[in-house]
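Novice: TrEMBL lists Arg189, Gly190, Gly191, Lys192, Thr309, Asn333, Ser521, Arg582 with the feature CoA binding site. What TrEMBL lists as ATP binding site is Gly385, Glu386, Pro387, Asp409, Thr410, Trp411, Trp412, Gln413, Thr414, Asp498, Arg513, Arg524. Annotation source TrEMBL lists Mg(2+) binding site at Val535, His537, Val540. The annotation domain 'Acetyl-coenzyme A synthetase N-terminal' is assigned in TrEMBL to 22-79. The domain 'AMP-dependent synthetase/ligase' annotation in TrEMBL covers 81-466. Summarising the annotation, TrEMBL assigns domain 'AMP-binding enzyme C-terminal' to 529-607. Feature annotation from TrEMBL assigns N6-acetyllysine to Lys607.
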Amino acid sequence: MSTLHPVSPEFAARARVDKAAYERDYAESVRDPEGFWRRIGQRLDWTRPYTKVKDVSFDVDDFRIRWYEDGQLNLAANCLDRHLAARGDKTAIVWEGDDPNESRRISYRELHAEVCKAANLLTNLGVKKGDRVAIYLPMIPEAAVAMLACARIGAVHTVVFGGFSPDSLAGRIADSQCKLVITADEGLRGGKKVALKINVDEALQRPGTNSVETVLVVKRTGGAVAMQAPRDRWWSALMDGQKAEHEPVAVGAEDPLFILYTSGSTGKPKGVLHSTGGYLVYASYTHECVFDLREDDVYWCTADVGWVTGHSYLLYGPLANGATTLMFEGVPNYPDSSRFWQVVDKHQVTLFYTAPTAIRALMREGEAPVKKASRASLRLLGSVGEPINPEAWEWYWRVVGDGRCPIVDTWWQTETGGILITPLPGAIDQKPGSATLPFFGVKPAIVDAAGAILDGATEGNLVITDSWPGQMRTVYGDHQRFIDTYFKTYPGMYFTGDGARRDADGYYWITGRVDDVINVSGHRLGTAEVESALVAHPKVAEAAVVGCPHDIKGQGIYAYVTLKAGETPSEELRKELVAWVRKEIGPIASPDFLQWASGLPKTRSGKIMRRILRKIAENAPDQLGDTSTLADPGVVQNLVDERLAR
Ligand code: WTA
C-alpha cells in the first residue's frame, strides 16, 4: 500500500500550475493540440515566426513528425542573447568542481561571450551548419560552451559520456561522421583522473573515423597528453584570439540540433536525433512547469551532459528559461557522502533533481551525512532515470526534504526529449513510486500484447498515441529503423519499450523495460551490446546477458558465459572477462555477476530463452514457467545448480 502525499496548500498557493489549472490546460492540450502548442511556442524568440504548428502522422506508410515547421530560430540566442538585457549579470551556470574548494559562477553575459568566441572558433575551423561535432568532455563549463556554440552555428553535436571506452566513442564518431572532436586532457571525478585525450587518440585509430579533421583539447588537469599536429589543437590557445561577438545562424525549427546515442534491444546504439524548435519549446516549458521555476531559484540537476537529462534539464531547458543552473563535476560520495548536501548549502540550491540510484546509495550511508547539512534552501526534489522504489522515495522525502519538499518523479526517455509523465508539484498529489499523470499534450495509453488499448485500472505496455513537440525525429542515418523500432509494434502509436500499470486514480506506475534493454543505475544498456563484447573475447563461445535486481543500481548485469572447448572456468578468467567488457564498452557495462554456463536454454529454432535466464538470475528457479519448448531441458537444471553453487 502506498501512502498519498497530497499537494501542500502552501506550495499550491504559490505554484505556477495548481490543480484547477492542470485540469483545465490538460483538457485543452489534448482537445486542441494545435491551439495549445501554438500558444506555448510563443515562449521562444523566433527569427521567423511559425504559421504551422503540428503536422504529424504515426501511420508507417505516411509517416511524418513536424512541429513549427516554417519557423526559424537559433537555440543559443534563445538560451543567451535574449536574456542579456534583463539578466546579463544573473548567474547562468554555477560550476562546482570535483574538489570542494573549486567553484565558479558564470553570468549570462560571460557565457554569451564565451559561446560567441567558440562559435567563431568552430567557424574558423571550417565547421558549418549541419556538420557533426563530437563532444567528449567532463562536467566543466566548456561542455556547455561547446554545445551552445554548435547550436549557435547550426552544427549538430553528439555528446559522448566521458565514461565510454575508445571503441564506444569511435562507433559514435563513425556513425555520425563527425568533423571535429572536442575533448579534454583528462577528466576528474572523485579525485580520480579519466584519460579522455588518450581515449580519443585510440578511438581515432579505429576504422570509419577519418572524417575527423580537428581535435580541440581543453586543459583540465594539465596531465601529459600527446598532441598530434596538425590534428590536435589546444582549445584555450585558439579561443584567446576569437571575437566575443557572433551573429547566431537562424535555423529551421525542424533542423537537427543534436544526436545522442542510446541503447536499444538490438544492434548497436542508435543515434537519436532531435530537432531544434519543438525540442526547445518542450524542454523549456516542461522545465518551468515541472520544477515550478521562479526567477531566484538555484536549480541543480546532477546528470552528466552525456545523457539526455544533461541536455534537456541541465542546460537547454534551464538556460532557455533564464534560470541559474548548477553543474557538478564530481560524484555524490567524494570527499564523503555528505557532498551533495554540502553543495546544496554552499550554493543555496532550491530545486534538486537526481536519480534513484544515487538516492539508494546515499540512503545506505544513513541519515547523519544528510543531517550534517542544513538543506533549508531546498523547496522541491526530483527523480529521473528509473523507477524509484517507495522506500527510497520516502527517505528522499523525509530525510533529504525534511518532509517539506514535494517530489517530482519524472518519467521520460532519450527519445522523448523531455518529461512526459510526472506530477506537477502544485497540482498533483504524489504517490511514492508513481510518475502519476501525463504532462500537457501527452496522451499515454496502456495496450495489451495485441495492441488493444485497455481502459481503467490495468497493466500492460506503455504507448503514447499522439506526438508532442520534443519527440525525436529520426534515427540518424536510418529513418526506417526509427519507424520499425517505435511505430510498428503497435500501429499508429509510439511504443515506449516500458511496461506500466494504471491505478484506479488514473496514475501511471512504470514497471520497467519490457524489451532487452536494462537500466543500470539509470543508464540504458542493451543486453546485446554486452553480449557482443563478451563473445569478442577469444575464449568465449557464447554469452547471454539479462538484468537482475540490484539494491543500489536498480538493475545489475547478469552474464551467462559458455567458454570455447578446451577452456576452463577460473576466478581469474571471470575477472578478466569483467575487465574486458569494461574496456570494450565502459565501466557502466561491467557485469555484476558472471556465471559459467555449460549450455544456454534455447528453443528448437535456436533462440535463447531469456525469460528463463532472468528467473535464474533473480534466484527464482520455482518460477521458470513453461520449459517444454526447450531443445534440451537439461540445460536449465544445470544452470540452476550452478547458480546455487555460487
Ligand atoms: C526509465 C532517461 C521509471 C524507463 C530520461 C525509460 C524511468 C528509460 C523513469 C529511459 C521514471 C526513466 N520512472 N522509469 N521516472 N525515468 N525511466 O533514455 O525505463 O536514459 O524507458 O532517459 O529509463 O532512459 P533514458
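Cβ coordinates are placed from backbone N, Cα and C, and glycine is handled just like the others.
Map these features onto the structure and tell me what's around them.
Specialist: If you draw a 10 Å sphere around the CB of Arg582 (CoA binding site), it holds 16 other CB atoms from the protein chains shown.
Under DSSP, Trp412 (ATP binding site) is assigned to coil, being neither helix nor strand in the three-state scheme.
The Cβ of Val535 (Mg(2+) binding site) lies under 8 Å from the Cβ of Ala541, Glu542, Ala543, each on the same chain and at least six residues away in sequence.
Across the residues of the domain 'Acetyl-coenzyme A synthetase N-terminal' (22-79), the predicted structure has a mean pLDDT of 98.
Across the domain 'AMP-binding enzyme C-terminal' (529-607), DSSP assigns 24 helix, 27 strand, 28 coil.
Taking a C-beta cut-off of under 8 angstroms and a sequence separation of 6 or more, Lys607 (N6-acetyllysine) has no same-chain neighbours.
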Novice: List the Cα distance (Å, whole number) between Thr309 (CoA binding site) and Thr414 (ATP binding site).
Specialist: 8
Novice: Find the one among the binding-site residues Pro387, Thr410, Trp412 whose C-alpha lies closest to that of Ser521 (CoA binding site).
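Specialist: Closest recorded candidate to Ser521 (CoA binding site) by Cα: Pro387.
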Novice: If we count other C-beta atoms within 10 Å, could you say which of the binding-site residues Gly190, Gly191, Gly385, Pro387 has the fewest?
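Specialist: Minimum Cβ neighbour count within 10 Å, taken over the binding-site residues Gly190, Gly191, Gly385, Pro387, occurs at Gly191.
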Novice: Which of these binding-site residues (Gly190, Thr309, Arg513, Val535, Arg582) have a C-beta closer than 6 Å to some atom of ligand 1?
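Specialist: What lies within reach of ligand 1, judged by Cβ under 6 Å, is Thr309, Arg513.
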Novice: What residue among the binding-site residues Asn333, Trp412, Ser521, His537 has the most other CB atoms lying within 10 A of its CB?
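Specialist: Of the binding-site residues Asn333, Trp412, Ser521, His537, the most buried by Cβ count within 10 Å is Trp412.
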Novice: Of the residues in the domain 'Acetyl-coenzyme A synthetase N-terminal' (22-79), how many are helix, strand and coil by DSSP?
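Specialist: Output for the domain 'Acetyl-coenzyme A synthetase N-terminal' (22-79) reads 26 helix, 11 strand, 21 coil.
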Novice: Give me the non-local Cβ neighbours of Arg513 (ATP binding site): same chain, 6+ apart in sequence, Cβ-Cβ under 8 Å, ordered along the sequence.
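Specialist: Spatial neighbours, sequence-distant, of Arg513 (ATP binding site): Gly497, Asp498, Gly499, Asn519, Gly547.
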Novice: Quick check: with Val535, His537, Val540 left out, which same-chain residues have Cβ atoms within 8 Å of the centroid of the Mg(2+) site Cβ atoms?
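Specialist: Result: Ala533, Leu534, Ala536, Pro538, Lys539, Ala541, Glu542, Ala543, Val561, Leu577, Trp580.
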